[in-house]
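Trainee: Pasting a structure below so you can have a look.
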Amino acid sequence: MRKLLVNIDHVATLRNARGETVPDPVEAAVVAEKAGASGIVFHLREDRRHIRDDDVIRLRDVVQGIFDFEMAATDEMISFCSRMKADYATLVPESREELTTEGGLNMRKVKEDFEQRVFPPLKENGIQISLFVDPAEADIRISAELGAEAVELHTGTYANAPSGFAREKELDRLRNAAEMAHELGLKVNAGHGLNFSNIQPLLDNVPHLNDISIGHALIADALFNGLENTVRRMADLIRG
Ligand SMILES: CC(=O)[C@@H](O)[C@H](O)COP(=O)(O)O
Ligand SMILES: NCC(=O)COP(=O)(O)O
């Protein structure tokens, strides 16, 4: 079944802009789940530019559904995520300079390191691993070989593509990737850059979708419509 997970990073961005305690991302998580979100996503970045360690600890106490900890595969994050007993560790590439995550993991490059250093401690702690990858055959195949539970298909290129041929091409790539991941036994998640304008074609064209994570566009829409209304509308669309 398709489900919406709400990413609350940018509630923390707004809070941190003034060094205040409000708006509180933990309060946003409670509202989002009440409005129909099936879980919460946050990306604890190395530079702590939005979500902070204390937010994660407080979130762990209130989140009722899926607790999806997005992170770079550093030893520090692996250890924190393990202590938090997250449902998912969603591993993403991270760079200090980027405004947001710019692409999927290069699985060829990280395979050996993930196999030896990253997967064992997460698996020992019972944490399911989702790999944030571009909709590319090689990355999906390696994700399955490593024994990940899921891939999160990077939808950013689709989201940024102009309508017409370019967008259709990206939908084709996502459809093929989803079919392949499903055949290889991986759960198919998706996220990045999704909003009320681009979600429906994705839902109509890409099979086997499970968790769809959306952040920035929902928090932006919520400024005008209220978080509860915004999340309810998107959760209903995604459930179908
Ligand atoms: C993996 C992904 O596409 C996003 O969740 C992103 O990692 C969020 O990070 P920012 O909120 O810092 O953009
Ligand atoms: N994993 C993707 C996510 O959590 C949300 O990304 P965005 O909607 O803020 O681009």
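Numbers run from 1 along the shown chain.
Glycine is treated like the rest: Cβ placed from N, Cα and C.
Quick caveat, the model's predicted, so the values are computed rather than measured.
Pasting the relevant annotations from TrEMBL:
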BINDING   Asn7, Arg18, Gly193, Gly215, His216  3-amino-2-oxopropyl phosphate binding site
BINDING   Asp9, His10, Arg45, His50, Thr100  1-deoxy-D-xylulose 5-phosphate binding site
ACT_SITE  His43  active site, proton acceptor
ACT_SITE  Glu70  active site, proton acceptor
SITE      Glu152  site 'Transition state stabilizer'
ACT_SITE  His192  active site, proton donor
Trainee: Which residues of the same chain, at least 6 positions away in sequence, have a Cβ lying under 8 Å from the Cβ of Thr100 (1-deoxy-D-xylulose 5-phosphate binding site)?
Mentor: His192, His216
Trainee: Measuring Cα to Cα, how many Å separate Gly215 (3-amino-2-oxopropyl phosphate binding site) from His10 (1-deoxy-D-xylulose 5-phosphate binding site)?
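Mentor: Here the two Cα atoms are 7 Å apart.
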Trainee: Sort out the sequence-distant neighbours of Glu70 (active site, proton acceptor) for me: same chain, 6+ apart, CB within less than 8 Å of its CB, listed by position.
Mentor: Asn7, Val41, Phe42, His43, Leu44, Thr90, Val92, Phe132
Trainee: As a check: which entries in His10, Arg18, Arg45, His50, the binding-site residues, place their Cβ less than 6 Å from an atom of ligand 2?
Mentor: none
Trainee: Neighbour count first, Cβ atoms within 10 Å, every protein chain included; then name which of Arg18, His50, His216 tops the list of binding-site residues.
Mentor: His50
Trainee: For Glu152 (site 'Transition state stabilizer'), write down the residues of its own chain that are at least 6 apart in sequence and whose Cβ falls under 8 Å from its Cβ; none is a fine answer.
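Mentor: Once residues fewer than 6 apart are set aside, Glu152 (site 'Transition state stabilizer') is near Thr90, Ser130, Leu131, Phe132, Val133, Asn189, Ala190, Gly191, Asp211, Ser213.
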Trainee: Roughly how many Å separate the Cα of Asp9 (1-deoxy-D-xylulose 5-phosphate binding site) from that of Arg18 (3-amino-2-oxopropyl phosphate binding site), to the nearest whole number?
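Mentor: Approximately 15 Å lies between the Cα of Asp9 (1-deoxy-D-xylulose 5-phosphate binding site) and that of Arg18 (3-amino-2-oxopropyl phosphate binding site).
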